[in-house]
Amino acid sequence: MTGLNGDDPDDYYLNLNQDEESLLRSRHSVGSGAPHRQGSLVRPERSRLNNPDNPHFYYAQKTQEQMNHLDVLPSSTGVNPNATRRSGSLRSKGSVRSKFSGRETDSYLLQDMNTTDKKASVKISDEGVAEDEFDKDGDVDNFEESSTQPINKSIKPLRKETNDTLSFWQMYCYFITFWAPAPILAFCGMPKKERQMAWREKVALISVILYIGAIVAFLTFGFTKTVCSSSKLRLKNNEVSTEFVVINGKAYELDTSSRSGIQDVEVDSDTLYGPWSDAGKDASFLFQNVNGNCHNLITPKSNSSIPHDDDNNLAWYFPCKLKNQDGSSKPNFTVENYAGWNCHTSKEDRDAFYGLKSKADVYFTWDGIKNSSRNLIVYNGDVLDLDLLDWLEKDDVDYPVVFDDLKTSNLQGYDLSLVLSNGHERKIARCLSEIIKVGEVDSKTVGCIASDVVLYVSLVFILSVVIIKFIIACYFRWTVARKQGAYIVDNKTMDKHTNDIEDWSNNIQTKAPLKEVDPHLRPKKYSKKSLGHKRASTFDLLKKHSSKMFQFNESVIDLDTSMSSSLQSSGSYRGMTTMTTQNAWKLSNENKAVHSRNPSTLLPTSSMFWNKATSSPVPGSSLIQSLDSTIIHPDIVQQPPLDFMPYGFPLIHTICFVTCYSEDEEGLRTTLDSLSTTDYPNSHKLLMVVCDGLIKGSGNDKTTPEIALGMMDDFVTPPDEVKPYSYVAVASGSKRHNMAKIYAGFYKYDDSTIPPENQQRVPIITIVKCGTPAEQGAAKPGNRGKRDSQIILMSFLEKITFDERMTQLEFQLLKNIWQITGLMADFYETVLMVDADTKVFPDALTHMVAEMVKDPLIMGLCGETKIANKAQSWVTAIQVFEYYISHHQAKAFESVFGSVTCLPGCFSMYRIKSPKGSDGYWVPVLANPDIVERYSDNVTNTLHKKNLLLLGEDRFLSSLMLKTFPKRKQVFVPKAACKTIAPDKFKVLLSQRRRWINSTVHNLFELVLIRDLCGTFCFSMQFVIGIELIGTMVLPLAICFTIYVIIFAIVSKPTPVITLVLLAIILGLPGLIVVITATRWSYLWWMCVYICALPIWNFVLPSYAYWKFDDFSWGDTRTIAGGNKKAQDENEGEFDHSKIKMRTWREFEREDILNRKEESDSFVA
């Protein structure tokens, strides 16, 4: 939704018509009414919100489900999933202002949904929903009723019913594998139909790769030979070697060694023989073309000594002499041995000569013709030497006068094909072509020209992509990167920062420079006895901590005087909008209202940072607006005042989300230490660790949850009293029901890894997926995968955003966040996703958050991942440059266009919701139903979906974000850095890259279908992604072609110069990027190591990955105690949804309040 001034931050992405400005101005309020558009720029078939393939299908469904308490305005493009707003249905893509007691409430205010007389609503917005269908008159079509039916959210529905009709792709899979019927596959270890189909799809995909490879190979090597099929060798004039002699412009092979003592050129059945002295010369006069086109043009004189007959047929025209091929020989009429010696006029010699096949054609270039010392002309492509007319036996023959005229007319270098055009002149020209031809003009056929066109067009495209990527990557490094993050720096300072990161990344144990923490902000030491004391009231807690932490007086700050100059009327601070600034603005207005009624009363400003930590400030309110304030931990990290901006931008609350599986204590400690000690204020960050099952990693003496809980202290609830709660897992069958425990407390440092003076008091929540009682005896109870861990958080954020019913686990998560931070979960705006073996640089989180705050269009970003064990083995050494170039060339290029296609799961940040303008409207991003529903899809019945969802879930999330929000940005921030341990064994690397390569292929296929990415046609990200997809699929063939070209260039002639230059540019520009962007010359060495390993990167790894298309395991990447045993079939059993309780958080809270009241009453009694 646009702001009050009609300025939409997304407008520059939209194709607006001339009337759009007035439309925008008319849509900024609830009462603006339904928009009227004159037309749609989106094709109708792409705007049907009842189509499950529409990127915003689930968003439209969600708004329909929640129409009783959500009110959503149209977007700036007039998008509206249900235009019949007056009948009670909602409008999509916008925001509303919540109504309660005649005042506007907070954004995402979670009010009682069961109250019928007072409607609670949520401010929410989205700019991504496709546009409605409009008829020719501009009227809005009604949304189809089939799409307005609510979805039963107690169970996430399967998105599509099974269809027995075979698709074209399935038919092709069966066709290409007709030779492998089901019984044979079952005999080979694939008894299940789904497994067999995966194998068939793998074979079909490999066949497609082979087709593409064959096309590329044909264009590279076969196309030229097909359309430019000149099988004969071409030799340039004066460069004919001594193994040949030239006869009438053609080169014939001369054998100089078989017959000793030979004195002249002799012709046998298929070979010319002659002495060494004749090699490399012009022997045209030894085999003269007589009595052809020159018959009756060249005639014998009456006293001619040349044998002739009555029909003017002559035996020869010129003396039968050899001459130099460069034309330097002078006429020689001396008779040797006898007249006609060496003229080869016998029938046997002539028949033998006519039977010879020339080995090559002699050619002249136009420059050579014009600049030659010889009198050369051209006729119909033949090069004629007029100087050879001086060799005519003038005493014995008569010839046309035109011969002398041509010779003396200074026609050198001209093409006389059109001049000699009438009948007699053409006969003369053909006669000259027979007797004085010395070669052909260097020319090409139409096929050869077409071949050159294809070659150079391909060359231009490839070089354009490579060079443009290089230039843009350099531009990003010099111009964009230094302006990103918390502060703008010059290139010198940027280099220093990069060097500091390089020094830090040389070893995983190397410590980063940490700031000393104020003693009041350090962790407190508690005895077990002190953990059970009674919670203080919210106001007492605020009063207790307000001055101690930030050294400001206990007196209440009046926002009307202290922030009025900075905080705009819409809740924006210097153009930057956050939940905190908007909440502060609203509470400031409430202060004004309350103070005007009772000057002695003023709402405590500090409460603005607690969101709904107190009951409604409006007297008489009976609605539950927040959780019970008495359960808040007494020593939570106090929220700073609104004007606390240590980095020059409003702070936003961030969840640092860590997923772990089988990591050891050192790896997990490394990650949590680095996150806890980042210089981003601990008041605005929350650590959240998810342990994926009761897993004991290989070599560990404790399970992963035990290790994680050992790093917590000062628990909200004693660990032995925490109960497991149910939730809907991303799985099939009985495993769809899972249980987890939630522990909340504060991070417990190890003084040996982080000195006490550098420790911050950071809240932490650990979620342990423990599984149902039925699976406690299994190998990996509770394990559902990393995607399920992410969905726990994402689904929770969606439920909070849309005020939906939630599971018990999600309510406990909400409750624990409230207890440990004093904040409702809707205050969090970003999520930093980190793997449990990653160490983050201290200022990384600050730079990432700063970029999010400064540009609300950014929905995701990543930093640079460094390898900490560079020289551990040859396996790690070959990865160093690959990591570097993937960031500083690929991601840098994509970042300039806001379309980074892969945000690595080990270190990336996503936006939960984004401010839409500065007037209180928000766009759910990571919490968007279209993201959550598609990412939590549990129906993986095709090879494509299995590779997307089971192997490359992190990359798929990035693709899903771009697919849902193609006009928003995903960027790369090199100022933010982390380091990790790369695989040091080849089998582990092989397993890791198998997953990465296969997920890359399938994700690129998803992205190449997105038509709304930046650019158009060849100048678009869609085209670049298409090129990357083809390039990835033909990597094994490409490296084979490269090796072939290099070997061919070494051993054969002519040298393929263009191909070698192209190869040098492709391999050389990354090296040049290192020289330009890197601050360490050592990367040149790592580049050399990488180039030597190209056969591994481009052949071994992708070939292995393609052959393992149907392998969906994680292989040797993560190992557990006892080995990676196969779990039971994921589809085993049925899902009993009755075991999962779904309620609103208010209903859960009301139940909790009653339970606590009963316990209190029973205790008193």
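Cβ atoms are placed via backbone N, Cα and C, with glycine included.
What you are looking at is a predicted structure, and each value in this text was computed from that prediction instead of being measured.
Positions annotated as topological domain 'Cytoplasmic' by Swiss-Prot: 1-170 (among others).
Per Swiss-Prot, the feature region 'Disordered' maps to 19-53 (among others).
Annotation source Swiss-Prot lists region 'Disordered' at 74-97 (among others).
According to Swiss-Prot, the feature compositional bias 'Polar residues' maps to 74-92.
Residues annotated as ubiquitin cross-link in Swiss-Prot: K136.
Sequence annotations record features per position, and here Swiss-Prot assigns transmembrane segment to 171-191 (among others) based on sequence analysis.
The topological domain 'Extracellular' annotation in Swiss-Prot covers 192-340 (among others). The topological domain 'Extracellular' (192-340) scores a mean pLDDT of 86 in the predicted structure.
Swiss-Prot lists N303 (among others) with the feature N-linked glycosylation site. The Cβ of N303 (N-linked glycosylation site) lies under 8 Å from the Cβ of no residue that is in the same chain and 6 or more residues away along the sequence. Reduced to three states, the DSSP call for N303 (N-linked glycosylation site) is coil.
DSSP classifies N332 (N-linked glycosylation site) as coil under the three-state reduction. Per Swiss-Prot, N-linked glycosylation site is recorded for N332 (among others).
Taken from Swiss-Prot, the feature transmembrane segment covers 341-354 (among others), and the record attributes it to a curator's inference.
Annotated topological domain 'Cytoplasmic' per Swiss-Prot: 355-452 (among others), in sequence order, evidence recorded as a curator's inference.
Remote same-chain partners of the transmembrane segment (453-473), defined as residues 6 or more beyond its termini with a Cβ less than 8 Å from a stretch Cβ, comprise 219, 223-224, 888-890, 892-893, 896, 1018, 1024, 1027, 1058, 1062, 1065-1066, 1069, 1072-1073, 1077. The transmembrane segment annotation in Swiss-Prot covers 453-473 (among others).
Residues or ranges marked as topological domain 'Extracellular' in Swiss-Prot: 474-891 (among others).
The phosphoserine feature in Swiss-Prot is assigned to S537.
Annotated phosphothreonine per Swiss-Prot: T538, in sequence order, evidence recorded as a large-scale study or a structure entry.
Annotated transmembrane segment per Swiss-Prot: 892-910 (among others), in sequence order. Note on the transmembrane segment (892-910): residues 469, 472-473, 475-477, 480-481, 654, 786, 830-835, 837-838, 840, 844, 848-849, 852, 857-863, 865, 925-926, 953-955, 957-959, 961-962, 968-972, 974, 976, 978, 980, 1000, 1003-1004, 1007, 1013-1015, 1021, 1025 of its chain, located 6 or more positions outside it, place their CB under 8 angstroms from a CB of the stretch.
Per-class residue totals from DSSP over the topological domain 'Cytoplasmic' (355-452), listed helix then strand then coil: 39 helix, 21 strand, 38 coil. DSSP labels the residues of the topological domain 'Extracellular' (1051-1055) in these numbers: 1 helix, 0 strand, 4 coil.
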